Structures are given as C-alpha cells and as structure tokens.
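Here's the structure we're looking at; comments come further down.
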Amino acid sequence: MELSPRAAELTNLFESRIRNFYANFQVDEIGRVVSVGDGIAQVYGLNEIQAGEMVLFANGVKGMALNLENENVGIVVFGGDTAIKEGDLVKRTGSIVDVPAGKAMLGRVVDAMGVPIDGRGALSDHEQRRVEVKAPGILERKSVHEPMQTGLKAVDSLVPIGRGQRELLIGDRQTGKTTIAIDTILNQKQINSRATSESETMYCVYVAIGQKRSTVGQLIQTLEEANALEYSILVAATASDPAPLQFLAPYSGCAMGEYFRDNGMHALIIYDDLSKQAVAYRQMSLLLRRPPGREAFPGDVFYLHSRLLERAAKRSDQTGAGSLTALPVIETQAGDVSAYIPTNVISITDGQICLETELFYRGIRPAINVGLSVSRVGSAAQLKAMKQVCGSSKLELAQYREVAAFAQFGSDLDAATQALLNRGARLTEVPKQPQYAPLPIEKQILVIYAAVNGFCDRMPLDRISQYEKAIPNSVKPELLQALKGGLTNERKMEPDAFLKERALALI
C-alpha cells in the first residue's frame, strides 16, 4: 500500500525524532553521601571514579576523591560541609582538579581553587591547568646558572640563589622568614624594570597557607604600595579555610607558576608555609582513617612535599629555557630542625637559609645563621663580581665566631686576634638591612668589597650604615654598571681610592 505524501512526511519526522532521541542525553554517574563531617564525605556508588577527580555535591560545593575503597569513596570537601546531608546526590565531573593560569592572573588574589577573592570581578583570558602534573624529566632540565637576586646582602653574598633552585627558609615563628620572601618579591621590581625582553622578567607567585586573614591583608597592602602586585599572583588559603583548601593551595600556586616556566619565562613561587600544609594533610588523612606514622603524619607526607618541590626547575634550551624557583618556608618549634617535616624538606631542597630567634633579638636582621645556611647549587649562578668580593668573608666570619667565644673571658689578645675580632664585627654589621628595603646587586658588591678589604676596620659600628648609604650615591654610574660583569685589575683601581677616602671621612 502506497503512503500518501502527508503520511510519508509524518513517518520521516517520527524516524528522525526517534533517531535523535538520545543525542542530547548526558549520562552522569552519581553516588549518595553515606556520612559527612569535618570536611570529609564518604560516598557510595561512584564505582568508576578516578583518584583526584573533582566531584559536585547537590548544593554546588566541589570536592576531590582521595580514598578509593571497595564500597565507598572518601571525598574531601572544598568548602563548608554543613549544608551536605546524608543521602545527598554526588555527581562525577570527569575532570581532574584544575585551576586558571596565565597573565590574566597577575595582580589578582585568588583562593586555592583559583576563584578571585579580591572583589575585582571575574578573570579575563586564561587557560586551565591541572594542579597535579609530573615534574619535568632529567633531559628536559638544565643546571642552574642564572642568578635570582633577593636584594638582601646576607643572601646574595653568602647563600646565593639561582633561577630554578629550591631554597628553604627555615626558622622559628617571628624570625623574619616571610620578610625575606617579601623582600625578594619587591627586589624583582627593579630587575623587571631593566628587563629588555619577556624572557628576562621574573613573575612571582605567593601562596599563603593557614595564615590569618589580617596578615594576608597587610601583605597585599605592602605589595600594592611598592607596585609589586602588577607582576605577582597571590593564592590565599587562610586559617579559616577548610583543611582540604590549605592542602590544595600550594599545588594550585605551582600550576600557575608552571605556566610561566613552560612558556619560556621565569617565575618565583613562595610557599608560606609548608608546615601548615602538612598539618592540614595530617588532619585529612586521619579523618580518612589512613594509618598514622611518625608524629601522626601519614606515610606519604614526604611524597606530599617532594612531588610539589620537584616541579621547580630550570628548563633546557630545547624546552624554552624557562624556570620556576621555589622558596618553601618551614616553621620550627624551639629551633628543632631535626623534627620530621623540617628534615624531610631539607633533604628535598637545594639548600636552606636558617633563621634564629637569638640573632633576631640581638639586632642581626635578617637573622641568618651563616654557619648553618647553605646553597648547594647557587654559587654556580652567583654574579662573577660578587663571587670575587665575598670569597673570604664566610671563612672570616667562621673564624670570628670561634674567637669571639674566647674573647668574652677578657684575657689579653694579640694583635692578629684583635684584628680578626674587629674585621668580624664589621662583617657581621654589614649584612644587616631594614625590612622591605632591598639593595641592587651592584651596590651590595661595593659595600661588601669595602668591608672585606678592611676599609671599615677602624670605623665605629654605628657609622657603617651611614657609610653604606654614602658609597653608592657617589660612585659613577658606569662603574656600577661595569661591576655586573666582574672585577678586573683595571676596575679595582678606581673604587679603591674612593672607598678608602669615604671611610676615612667617617672614622
């Protein structure tokens, strides 16, 4: 029987509708909350979920799958868990946790998920990057050879840092660890102003973990006043944020820094501080019923920090020659650097800057213990001129500390010992520096050169800072520029007479 045109039209319409019926359907795997509390949700029914996958709760809060068990999945909640109830639906997103990255992030303050919290609207053009990626392999790397200047005389001369290095800042609370980190960010301002290309610019990422909101607010204000926020990104997971966000923040900040590293640029990332991240991870692990180990930390707490810090690297020329330099911060208790987390991070990093409360209260600020501080790879990146002028200073300081202990007994000292004590006292005074006042490298070289060559030996200690200010302002700009290339016999002639003359005027 032949269909009428109208019936044929209807048949075709039905066929196309049936064929396309399932085209717009999206099949989601969903589970149900079995129990929830303390930022951890146990969910039943997500059988195909991946480790580290993002999930979405019914109230819009996000979470991440950490424990994959036979029956349930242990999910950490990125936000408040008070609105999540037993029996609520949980949906898989199919994607691993990622955050925004790119130049649009510069000047912004974001949370651990990359959501802006500075009240300046949504982010403009950016890309999404996974928070957990593998560190660059051996062939993709190059040895550290470019200096990363902090603007601090004590650091740039005695424990130099190179681009792509990991240098630990370790010390008790209130010893100036954050101040060194902030000074380093501020010092990049004058380095970036001289940069002739994008590949010379240093971008900064500061990750605040478990700090007070007021402290983070002061920090933002300091960076804004110095116009340093324009080349910086701030990632804040404050003390009032849930433990999962404090755990995630360093990885999010690292992903943002890797954008610059992988695109042939240079970035500096500061984790302030990783002790609080370890405590947050311990809290999550214990709530997920993972077996505790030393100091109740889980067995993989070393891997927590090693996989993060290994992502800081200097890339080879074939892979863009970018770099990511890391300055992790660790807080010790009563100067105990042999505790679990401090020893872990010391063994992962390429050196450490040790700060001490006693030195801080004696007025030696930055309170760096030169004897315990070391930079394992930084000397290869140190400026030639700086290496030449401060070569003997570390040895002289060590001899001074040894002799100073005996000198306290007040016995008669010979002329050589007296000269050593004089020189050591001046070499201890020269590295002192006020906070948020980084010094350009060429001015540091002049000041240290004067101290090492004995021009300050007869000068009263309280006049050294005055001498320091007088030197660079009177030296010819050409000499300051030339100092960056290293000292030669010809270059030494000019500053010698001038520095001695200045010193005599202040004796």
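Backbone N, Cα and C define each Cβ position, glycine as well.
Within the same chain, residues at least 6 positions away in sequence whose Cβ sits under 8 Å from that of Gly171 (ATP binding site) are Lys177, Glu331, Thr332, Gly335, Cys354, Leu355, Glu356, Thr357, Ala367. DSSP classifies Gly171 (ATP binding site) as strand under the three-state reduction. What Swiss-Prot records for Gly171, Asp172, Arg173, Gln174, Thr175, Gly176, Lys177, Thr178 is ATP binding site, and it gives similarity to another entry as the kind of evidence.
What Swiss-Prot records for Ser373 is site 'Required for activity', and it gives similarity to another entry as the kind of evidence. On its own chain, Ser373 (site 'Required for activity') has Leu158, Val159, Gly351, Gln352, Ile353, Cys354 as residues at least 6 apart in sequence with a Cβ closer than 8 Å to its own Cβ.
Residues Glu331, Leu355, Thr357, Phe360, Ala367 surround the recorded ATP site, their Cβ atoms falling within 8 Å of the Cβ centroid of Gly171, Asp172, Arg173, Gln174, Thr175, Gly176, Lys177, Thr178, which are themselves excluded. In sequence order, Leu355, Glu356, Thr357, Phe360, Ala367 are the residues of the chain that are 6 or more apart from Thr175 (ATP binding site) and have a CB within less than 8 Å of its CB. For the binding-site residues Gln174, Thr178, counting C-beta atoms within 10 A of each C-beta gives the highest total at Thr178.
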